[in-house]
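Encoded as structure tokens, the structure appears first; notes follow it.
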């Protein structure tokens, strides 16, 4: 019974139900091959949502992830154009992404500026920087080297490398969140910042670490995105930050911080991924997708608000009964 | 997000209050005004076309629509909430106006449709935040996607064009000489919001809620109702801005007013409104809107592309909050 009450179980049921409804009309959609394709397609969302989850756990929000992705993707494409070998490019996008995340984190940590303001600002700065770098020019498939484009699509044990990267990051994050002091610190800072300070956890430094993780993941995804779609320009992944927040909220990451799991987050992303991939199959215009993810965010937060973890209901109630 | 820094240093309380004049001279608004005048002079020196009255009149379009929303947003942020869906509300209002136009409606009906849609969007946000107690940041991120998403469903990759001639008055009309209709609406809105925030009970309630919502409730303020009204006002002002913008552009695409939320919040924060709620003033917002308008106009005269201007907006938003904090941090050492 308690299993059914968990948020992850409900989400898994909802996902199965969604798949069943689609399968009743279009059985081909649930063929393993297609589902693997859906997973690969959703990998960027999963990667960014995991980073966003850590940030939201610490009571912050990062609206700059999509811009970070686009900037790192463009840098990767530019480096490829200069003939830099792929391993170096991968290291560079990870480092650059982490640095952009660190810029957000430093402003939040050292200056105490609310994360929403910081990342609303850096969102336009990062995206504008792409324009400064390229003058608005596109980098197209024929300008990219073959190995640069092939890496995310290379099939290994039946799945493309991009999907394996997502799986690996999910595994690492699951261990970090549940088995390391840093993972506990994220929950502690979001659950009760004052108590976290008395336990010897630095709130600001933990938030900084969260932004660095989110940034590094966005940087890595930037390369994967550009290489997979074989195009880089100023507006790639425009508005993707909304999908990322949606995936987290649907996955049960409490926006007030301190509650949420890797499993929920991944399922939230997959839920959106299934809807996105099913729309053209079912014959609904892709223009519906934005409104659907918006509604999904609203339904999910309304649902989250009603189902609070009874363990901390007293504290939360006292704090939020304004 | 809420203030999460647990260590609060005690505030220095002076023995004697400063005189009202010296306080006014040292205020944020005065600093902004000096900046505005400085930018004005720089612009006048940098470009011979700047001081032309018609050019200046055109320049007001850079900020009037955003500033109309910024007044309502200022009240909302002072009360401790935020609305990131304003750009999306404009898109939805503009789409509704376009739909009414294709149904054959004339200008007065189009205005009503715009205002009504804005109010409905504001009410939707307001119900979710005030009635159900959901955090406004996520609610309005959700409705941002929902409202603009509906525009995309209706329009796809097409656009509404061919608005009736009478409708053009709002965005393209002049009241007298170079004074545009939009500038008059902006001035009226400034006056009304100044009266509401600084000269009415309602304004005091907004400050009280922003400073301490619990204390405000105990002093008999209906916190939810005030917040609902503030979301309604933000929706209404977005509706008015949508009418002006649609009328000025003469067309509606689902991507209309993209990124407005950033600029509106920037104007509000630049105007000295605390992003954590509880303090701020309408004169500050008015001057901040002028500064933004002058900066974008000046850069435009120097042929700086729009996306570079958005970088400057982003830097401005962060810089305006970061610099005073850096200053106090360095002085404390």
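Note that Cβ sites are derived from N, Cα and C of the backbone, with glycine treated the same way.
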Per TrEMBL, the range holding transmembrane segment, considering A:17-46, A:47-76: A:47-76
Folded-back contacts onto the transmembrane segment (A:208-230), same chain, C-beta under 8 angstroms, at least six residues removed: 43-44, 47-48, 50-52, 54-55, 57-58, 60, 62, 65-66, 68-77, 89-90, 93-102, 104-106, 108-109, 115, 139-141, 144, 148-149, 151-153, 162, 165, 169, 182, 185-186, 236-237
Stretch among A:47-76, A:88-112, A:154-177, A:242-275 sharing the most Cβ pairs under 8 Å with the transmembrane segment (A:124-142): A:47-76
